[in-house]
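S.K.: Pasting in a structure now, in structure tokens, and then I'll have a few things to ask.
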Amino acid sequence: MVDYIVEYDYDAVHDDELTIRVGEIIRNVKKLQEEGWLEGELNGRRGMFPDNFVKEIKRETEPKDDNLPIKRERQGNVASLVQRISTYGLPAGGIQPHPQTKAIKKKTKKRQCKVLFDYSPQNEDELELIVGDVIDVIEEVEEGWWSGTLNNKLGLFPSNFVKELESTEDGETHNAQEESEVPLTGPTSPLPSPGNGSEPAPGSVAQPKKIRGIGFGDIFKEGSVKLRTRTSSSETEEKKTEKPLILQPLGSRTQNVEVTKPDVDGKIKAKEYCRTLFPYTGTNEDELTFREGEIIHLISKETGEAGWWKGELNGKEGVFPDNFAVQISELDKDFPKPKKPPPPAKGPAPKPDLSAAEKKAFPLKAEEKDEKSLLEQKPSKPAAPQVPPKKPTAPTKASNLLRSPGAVYPKRPEKPVPPPPPAAKINGEVSIISSKIDTEPVSKPKLDPEQLPVRPKSVDLDAFVARNSKETDDVNFDDIASSENLLHLTANRPKMPGRRLPGRFNGGHSPTQSPEKTLKLPKEDDSGNLKPLEFKKDASYSSKSSLSTPSSASKVNTAAFLTPLELKAKAEADDGKRNSVDELRAQIIELLCIVDALKKDHGKELEKLRKELEEEKAMRSNLEVEIAKLKKAVLLS
């Protein structure tokens, strides 16, 4: 079974999940069939937890740690004394095995890569690569970027510019182990570490070298560079694997170690950074105000109030809600790096790091196991999530109203027959009037007495034609209800007086004319052919009348251009106007009468009031006289 240390907080969503906090150690962890989830034991309870919230703890040398004190107790020989002398009085039990542990870790975990292409750093935390350089790989920071050491410098470099070498041979590992023993176990270079390692058999063989180093005092001869290199890489590796279990160094140290160790501690402290996910405006003086994407130096997570962290931003210290930010490492505080070369394409896509801070801002709905695929996408550890989730509820844009579908307008109906208005009531009666015209052509021309001398015999002809065509008109009267007749009614609407109809005098007729008109027009043409004869017979009379009364002749010509239908419409219109004028006059006269009556009534009321006022004055004067008499009588008595 493997143990894991928690790097990010996680709140359990289901009963079979564990609630974990940063720094806790989960025991007896095993992988599950479901990708992205592990199962382990914490505080006596076993459950599931996401694998990207924890980090594996290498426990390869732990079994030997328990045997270490037993060996030292049993030995009781010069070797234990040499260990005490080499550390100048420091307890050797807790310090001595670490160089061996580091050597063993190098043997099992050491990764190296060779530079294939030159690379110039674009940021301060990047390494400069030259073809042929060998880099000690520490960890994979994010997809396409690794962290490693080159020439005593720790930094980032693109993974697609290097090629990973195979693990070093055992001989090389042992040589590295022996080299590390000399500087690290000498009198001036003990280095404590959080983990406990064991002292294997080769360690006891290397002890005489320590004695020689103490005796001659020149243990750093030709090894100063190796000391710095080995110390930097090993300490950085320890920092990566056992970061939460940092212990304070015991005893005095050499100047060289004191210079390097604070640097490592500083790097560890510098990892306490967090990136803001959402903008926040402080409501109190001790709160920070920040925008999205800013980097806050995390000072403390323990502020005495749950859900609040203490940090520093732009030189100001204050508290801020932890669900508005996500913790990142120092190497990621400059993320994103747009100028870096694109990382090579890899199979599994990185998944967003669903930390507890993000979960508080927008809780995950992981009730369904299908949605746990969000956790299955592992982020590049310990980088911040590359795809930040949606922000908390923002004043929205909305939210989002449903767009109503476009109104479907009904099909435009055909234009109906206009209802007969009072002034245009004749339009609806054209068919009836037309039949009346045929039956009563004599009555309408008689309205104008000046028209009779012009056509003295046409009256009899029209009456004759009307009598002959009456039966035909009655038979075809039912055809008027057709659609053609409706259109015909609109086409033959009465025109203005003084305008001649094109169908009457030009010889043409509308194709939509009713059967009555088609029968009537030829007969009228026949009557028109007879009119010249009538004019010749009464030429003298017509000339005299035209000379004597030129105005009447113009009236006759105007009346000749009007059809009986138009004459009737004109007469009715004139009658309507006259009636309306008469009604208005009657109303005005009635109003005047009413006003006069009101004036009379008002005058009568005023007279009554005046009389009453005079009477009241007289009564008052009488009362005053009587009161005066009474006063005199009272005074005299």
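Along the chain as shown, the residues are counted starting at 1.
Cβ atoms here come from the backbone N, Cα and C positions, even for glycine.
Annotations per Swiss-Prot:
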- 1-175: region 'Interaction with ANLN and localization to the midbody' (REGION)
- K58: SUMO2 cross-link (CROSSLNK)
- S80: phosphoserine (MOD_RES)
- S86: phosphoserine (MOD_RES)
- 166-209: region 'Disordered' (REGION)
- 166-177: compositional bias 'Basic and acidic residues' (COMPBIAS)
- S224: phosphoserine (MOD_RES)
- 226-254: region 'Disordered' (REGION)
- 269-330: domain 'SH3 3' (DOMAIN)
- 333-455: region 'Disordered' (REGION)
- 336-352: motif 'SH3-binding' (MOTIF)
- 341-351: compositional bias 'Pro residues' (COMPBIAS)
- 356-379: compositional bias 'Basic and acidic residues' (COMPBIAS)
- 378-397: motif 'SH3-binding' (MOTIF)
- 410-422: motif 'SH3-binding' (MOTIF)
- 437-449: compositional bias 'Basic and acidic residues' (COMPBIAS)
- S458: phosphoserine (MOD_RES)
- S469: phosphoserine (MOD_RES)
- 488-555: region 'Disordered' (REGION)
- S510: phosphoserine (MOD_RES)
- S514: phosphoserine (MOD_RES)
- 517-539: compositional bias 'Basic and acidic residues' (COMPBIAS)
- K523: SUMO2 cross-link (CROSSLNK)
- 540-555: compositional bias 'Low complexity' (COMPBIAS)
- T563: phosphothreonine (MOD_RES)
- S580: phosphoserine (MOD_RES)
S.K.: Is K58 (SUMO2 cross-link) helix, strand or coil when read with DSSP?
M.R.: coil
S.K.: Cβ atoms within 10 Å, counted per site: which of T563, S580 has the most, among these modified residues?
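M.R.: Per the Cβ count within 10 Å, the most buried is T563.
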S.K.: Across the domain 'SH3 3' (269-330), what are the DSSP residue counts per state (helix, strand, coil)?
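M.R.: Output for the domain 'SH3 3' (269-330) reads 6 helix, 29 strand, 27 coil.
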S.K.: Could you find out if DSSP has S580 (phosphoserine) as helix, strand or coil?
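M.R.: Note: S580 (phosphoserine) is helical by DSSP.
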S.K.: Where does the residue listed as 'phosphothreonine' sit by DSSP, helix, strand or coil?
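M.R.: Coil, per DSSP.
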S.K.: Restricting to the motif 'SH3-binding' (336-352), what is the model's mean pLDDT?
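M.R.: Mean model confidence (pLDDT) across the motif 'SH3-binding' (336-352) is 43.
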S.K.: How many Å separate the Cα atoms of T563 (phosphothreonine) and S580 (phosphoserine)?
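M.R.: About 26 Å separate the Cα atoms of these two residues.
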